[in-house]
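Asks: Here it is, the structure in full.
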There are 2 protein chains.
Amino acid sequence: MTKPLILVSNDDGITSRGIRVLVDVMKQLGEVVVVAPDSPQSGMGHAITIGNTLRLSEEEIFQDVLAYKSSGTPADCVKLAKHYVLKDKKPDLIVSGINHGSNTSISVLYSGTMSAAIEGAIEGYPSIGFSLCDYSSQADFSHVENYVYQIAKQVLEFGIPKGVALNVNFPPKRNEALKGIKICRQARAKWQEDFEERYDPNGRKYFWMAGNFVNFDKGEDNDEWAIANNFAAVVPCQFDMTAHHAIAQINDDWDWEGLKTSI
Amino acid sequence: MTKPLILVSNDDGITSRGIRVLVDVMKQLGEVVVVAPDSPQSGMGHAITIGNTLRLSEEEIFQDVLAYKSSGTPADCVKLAKHYVLKDKKPDLIVSGINHGSNTSISVLYSGTMSAAIEGAIEGYPSIGFSLCDYSSQADFSHVENYVYQIAKQVLEFGIPKGVALNVNFPPKRNEALKGIKICRQARAKWQEDFEERYDPNGRKYFWMAGNFVNFDKGEDNDEWAIANNFAAVVPCQFDMTAHHAIAQINDDWDWEGLKTSI
């Protein structure tokens, strides 16, 4: 039996600790190819490089693994992997991460890690983004390795519904062992930003964005609840942004007669 | 009666033709404040600036309008507007655009224009992204000005369901007048990329991303159909990425016994 082909990317860059852990786990499940950014791309959302050039070069960084680094975003990396690196070979699984930091709730929109997974789902491949809710570059991933393995194995075995990518977040390492996995929904929360004003050596003003995560969600079926209660949170994500429930409402609310006469 | 406060942003940059048209139309409806990128940010998706500094400076570019340019992304601009420029003043409407180029279908994910509108919706403000399906920097916006006015007026008057931003796309100027407005869903389509390989003067390889838009959607209730048939397409968008239908399926499909014993 041929081994499954597994494409690995991330947003913290090809030298991060998280991608090394992910590559090591995936090597136990299949043949691994890496295409990842050459520098940190956190917060890049679903950005792609359209007004600029892209670099891509092979990098001997992981043992027995074909790896490329790119100047592009995580979404660019998946596109380059598909059309340039893998060409006619189709990956059986695309995994992104393991991110150093949470991608729960609304952060899925800003997440470079998840943009690689969503890009994979758009292309029709089973795709998973993994994140650890610990921002340290030296984060301890030891409590999640077996979970990453098991979740990827489930996906290779049972697949994921079409057009869906999994957003998997793990609690930081605590004294207590992880309690298990919750398949859940994105929590209703947002970031409350704060801009810190500073002056550069030439006296010109600049800003640092900082912020606090504010959770409005009282439910127990969401990813924030799962993380707070020491479960791994698995949110199936899709890329139809349509607010289907709002179509009828807007059709009802708007004054179409007014629109017709004045347009 | 106080005039409505309207925040304007975009992704093509503060000097683009599209934002000038948008500012002129919005001035007929309220008091306008502009916070927009200082350079083109197309394809930035929902990127934010977290590992780098941000610049923001006042710019006398529109007549009788307070305007700021920023080094940040469209989402950054809305955050800076809320927390720094407007402070305690709450906008009655946030508009982004008018983008030079289509943001229909899957492009909503890659769109900087829409990320500003989605960011507005996350913050709880009625928000609209406007795009013209014409990529030319000298695009003719004359056929859409009254539509932009009417749609913004409807939203100021009737609001938008909570947590929803409108993605409005207009067909390019054709001989025939626009047929009207369709409230519709995001078409099922994707970009089929192609990477053009070139060599720089030092002999090092680089790539340009190019691509064709591939529409799989046979429906007549989607934004691609609307544009092809010379309607303005209005898609209500939301920011819950959860594939709610997939939660039960994954709970059913996965071998939880296996997960329990091996984790």
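The first residue you see is number 1, and the count goes up from there.
Just so you know, glycine gets a Cβ as well, placed from its N, Cα and C.
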Asks: To which of B:N99, B:N146 does TrEMBL also attribute binding of divalent metal cation at the site defined by B:D11, B:D12, B:S42?
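Replies: As annotated by TrEMBL, B:D11, B:D12, B:S42 share the divalent metal cation site with B:N99, chosen from B:N99, B:N146.
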Asks: Around the Cβ of B:N99 (divalent metal cation binding site), how many other Cβ atoms lie within 10 Å? Please give the count over every shown protein chain.
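Replies: Counting Cβ neighbours of B:N99 (divalent metal cation binding site) within 10 Å gives 31.
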Asks: Tell me the Cβ contacts of B:S42 (divalent metal cation binding site) under 8 Å, same chain only and six or more apart in sequence, or just say none.
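Replies: Residues satisfying the criterion: B:D11, B:D12, B:N99, B:G101, B:G112.
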Asks: In the three-state scheme derived from DSSP, which category covers B:D11 (divalent metal cation binding site)?
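Replies: The three-state answer is coil.
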Asks: Among all the protein chains here, how many other CB atoms are within 10 A of the CB of B:D11 (divalent metal cation binding site)?
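Replies: Taking every protein chain into account, the count is 33.
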Asks: Give the three-state DSSP assignment (helix, strand or coil) for B:S42 (divalent metal cation binding site).
Replies: coil
